[in-house]
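Notes follow once the structure below has been shown.
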Amino acid sequence: MKPQAAPLVTGYAVACVLVFVLLAIAGLQLDAIVRAGFIPARSGTELILPPGTFVPFALTPLTAAFLHGGVLHLVFNLVILLYIGRQLEGPLGSRAMAVLLLVGAYAGALAHWLADPQSHVPMIGASGAISALLAVFALIFSRSQAPAIGPIPSHWVRALWLAAAWIGIQLLIGFAGGAGFGAIAIWAHVGGFVAGLILARPLLRWRFGGR
């Protein structure tokens with residue numbers, strides 16, 4: 001499918017680049033990661049504004065989605081974001097894309113928190129949001145079909161197969177990364193992907209009025 005104009009995705013990518021460049025120039029990258037990244041251990045009694053942070057804990061899944069740990073991290077995420085996002089924004093529309101990216105970011109953070117609620121390691125990057133885009137892209141443009149299993153409709157069977165495959169890939173990546181599943185927030189990828197699978201059909205119905 002030919003990519004179409006995608007103002008939301010393009011604007012998000014530009015914002016990520018600007019944030020990265022400005023923080024690098026100011027020498028505040030590490031401070032921003034610690035103060036505006038998503039840190040599971042900050043949940044609980046310090047939901048409003050934990051000491052040493054820039055934003056309330058409840059907003060850090062969003063702010064973390066604009067932060068990246070290095071040039072390769074940024075470039076890799078933006079290549080996928082622009083390639084997939086430019087093909088999805090036309091069919092879905094900018095409003096649905098905004099919902100998808102936002103829910104993907106929060107679902108990724110939730111899955112990351114559930115995996116290790118006491119972790120003090122900041123999670124940053126657009127991976128949760130991008131994983132949600134990948135899930136919708138796979139459902140919309142995949143040519144493979146799955147037969148229904150009993151009362152489970154075929155589209156849900158296909159979604160479950162995609163979820164199982166994605167979780168398997170992430171676990172393999174995690175185990176390859178060594179103890180603690182390395183520096184890759186694999187459960188954020190899983191959470192964002194599952195959110196995308198769940199939202200794909202409702203967002204299409206929203207866009208096309210239930211047709």
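In case you wondered, yes, glycine gets a Cβ from its N, Cα and C as well.
Curation plays no part in TrEMBL annotations; they are all automatic predictions.
Not measured: the values here are computed from a predicted model.
As annotated by TrEMBL, domain 'Peptidase S54 rhomboid' applies to 62-205. Look at TrEMBL and you will find 12-34, 54-84, 96-115, 121-140, 160-178, 184-204 tagged as transmembrane segment.
Each residue in the domain 'Peptidase S54 rhomboid' (62-205) has a pLDDT score, and their mean in this model is 81. Beyond the transmembrane segment (12-34), the same-chain residues lying 6 or more positions past its ends with a Cβ under 8 Å from any Cβ of the stretch are 52, 54, 66-69, 74, 77-78, 81-82, 85, 101, 122, 124, 126. Long-range Cβ contacts of the transmembrane segment (54-84) within its own chain (Cβ-Cβ under 8 Å, at least 6 residues beyond either end) map to 3, 6, 9-10, 12-13, 15-17, 19-20, 23, 32-33, 35-39, 42-43, 46-48, 101-102, 105-106, 108-110, 122-130, 133-134, 137. Taking Cβ pairs closer than 8 Å, the transmembrane segment (121-140) reaches residues 12, 16, 33-34, 37-40, 61, 64-69, 73, 77, 80-81, 84-85, 87-88, 91-92, 100-109, 111-112, 155, 158-159, 162-163, 166, 185, 188-197, 199-201, 203-204 in its own chain, all 6 or more past its ends.
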